[in-house]
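Enquirer: Please read through the structure below; I'll follow up with questions.
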Amino acid sequence: MAMTVRPRRSVLYMPGSNARALEKGRSLPADGLILDLEDAVAPDAKAPARDTIREAIAAGGYGGRELIVRTNGLSSPWGYDDLRMAATSGADAVLLPKVESPDGVRQAEAVLRAAGAPETLRIWCMMETPLGVLNAREIAGASPALGGLVLGTSDLAKDLHAAHTRDRLPMITSLGLCLLAARVYGLAVLDGVHLDLNDDEGFAFSCRQGRELGFDGKTLIHPKTIAACNDAFAPSADEIAQARRIIEAHGEAAAQGKGVVLVDGKLVENLHVENARRLVALGEAIAALDSAGR
Ligand SMILES: CC(C)(COP(=O)(O)OP(=O)(O)OC[C@H]1O[C@@H](n2cnc3c(N)ncnc32)[C@H](O)[C@@H]1OP(=O)(O)O)[C@@H](O)C(=O)NCCC(=O)NCCSC(=O)C[C@H](O)C(=O)O
Ligand SMILES: [Mg+2]
């Protein structure tokens with residue numbers, strides 16, 4: 001059975017006020033781009049940044065990259081105008097900051113729909129406050145328009161009074177709760193940013209850890225980190241080859257009326273086949289993106 005998986009290994013933030021960054025986004029190998037109106041944009045630059053983002057998306061050239069507009073909160077002076085712009089911008093998704101309740105999602109959704117947002121526009125939520133994380137399950141189930149959760153580990157660390165440690169132990173509970181909520185509702189889920197651009201080793205560790213925990217990918221702040229992130233979140237050639245062996249061996253076993261089989265000495269059941277199919281589909285989707293130049 002064919003399975004569709006959208007690669008979201010690397011999703012790069014860029015300030016909506018930075019036209020050069022938006023231009024560069026058209027040629028970077030990121031799976032997605034977050035065109036930011038919130039924290040990366042100074043108050044005086046918010047209104048012009050809205051125009052810059054709208055014009056950039058309208059001009060096109062982003063290929064298969066997923067385009068996500070991060071708006072300001074509705075309690076800020078810019079939130080409503082941001083949502084109205086994003087509604088008809090042609091973006092794939094709107095990313096709401098600091099979401100703390102399902103009502104926050106529904107309120108934003110009502111503004112988007114009233115502004116003419118198409119049914120295809122997804123709503124993504126930043127999970128970056130203690131209350132938001134505790135309400136992750138309700139937020140993830142707030143609307144069928146939900147597309148994904150993004151961890152805001154910088155804001156979260158601040159609110160938790162937590163340290164940024166290499167092993168990210170202080171974050172683990174929050175990461176786990178958001179992952180659980182996303183998987184319950186079939187949403188995408190992206191890990192937070194690694195702030196130290198000179199710490200290649202720490203970055204590689206956090207990518208590996210994020211993938212092992214179950215994240216689909218990681219949010220990034222600089223283009224130089226995209227390639228390593230893509231590698232870390234893509235299934236390796238060995239993993240794909242093993243997944244194919246699992247699918248084939250289980251298919252042969254099923255044809256003989258057996259429910260289980262050993263592959264490379266390990267027990268394989270239906271659940272392993274499901275995961276193997278996901279890995280193969282992800283590998284194929286990545287190959288298709290790469291061959292299209294995105
Ligand atoms: C961090 C930066 C300000 C560094 O910018 P800069 O000094 O320009 O870097 P470089 O000179 O090394 O840039 C080299 C070229 O790459 C382009 N570039 C740099 N960053 C980006 C980017 N993010 N997107 C696209 N292109 C980028 C430069 O234009 C240079 O190109 P060229 O002209 O060809 O030489 C900068 O990287 C930056 O602004 N990063 C994004 C910051 C951001 O968006 N922050 C907000 C999101 S993080 C967050 O909010 C987390 C969350 O909410 C939480 O709570 O955790
Ligand atoms: Mg934040």
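The backbone N, Cα and C atoms fix where each Cβ goes, and this holds for glycine too.
Okay, these came from TrEMBL:
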type	residues	note
BINDING	ARG70, GLU128	substrate binding site
BINDING	GLU128, ASP155	Mg(2+) binding site
DOMAIN	9-223	domain 'HpcH/HpaI aldolase/citrate lyase'
Enquirer: Using a 10 Å radius around each Cβ and counting other Cβ atoms from all shown chains, which of the binding-site residues GLU128, ASP155 yields the largest count?
Expert: GLU128
Enquirer: When you measure from the Cβ of ARG70 (substrate binding site), which residues in the chain that are at least 6 apart have a Cβ under 8 Å away?
Expert: TYR13, ILE34, LEU35, ASP36, LEU37, GLU38, VAL94, LEU95, LEU96, PRO97, MET126
Enquirer: List, in residue order, those binding-site residues out of ARG70, GLU128, ASP155 with a Cβ under 6 Å from any atom belonging to ligand 1.
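Expert: By the Cβ criterion, which requires under 6 Å to ligand 1, the hits are GLU128, ASP155.
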Enquirer: Provide, as an integer number of angstrom, the distance between the C-alpha atoms of GLU128 (substrate binding site) and ASP155 (Mg(2+) binding site).
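Expert: Rounded to a whole number, the Cα-Cα distance is 6 Å.
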Enquirer: Looking at the binding-site residues ARG70, GLU128, ASP155, which have a C-beta within less than 6 Å of some atom in ligand 2?
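Expert: Close enough to ligand 2 are GLU128, ASP155.
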Enquirer: Can you check what DSSP calls GLU128 (substrate binding site), collapsed to helix, strand or coil?
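Expert: SS state of GLU128 (substrate binding site) = coil.
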Enquirer: In terms of DSSP three-state secondary structure, what is the assignment for ASP155 (Mg(2+) binding site)?
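Expert: It is helical.
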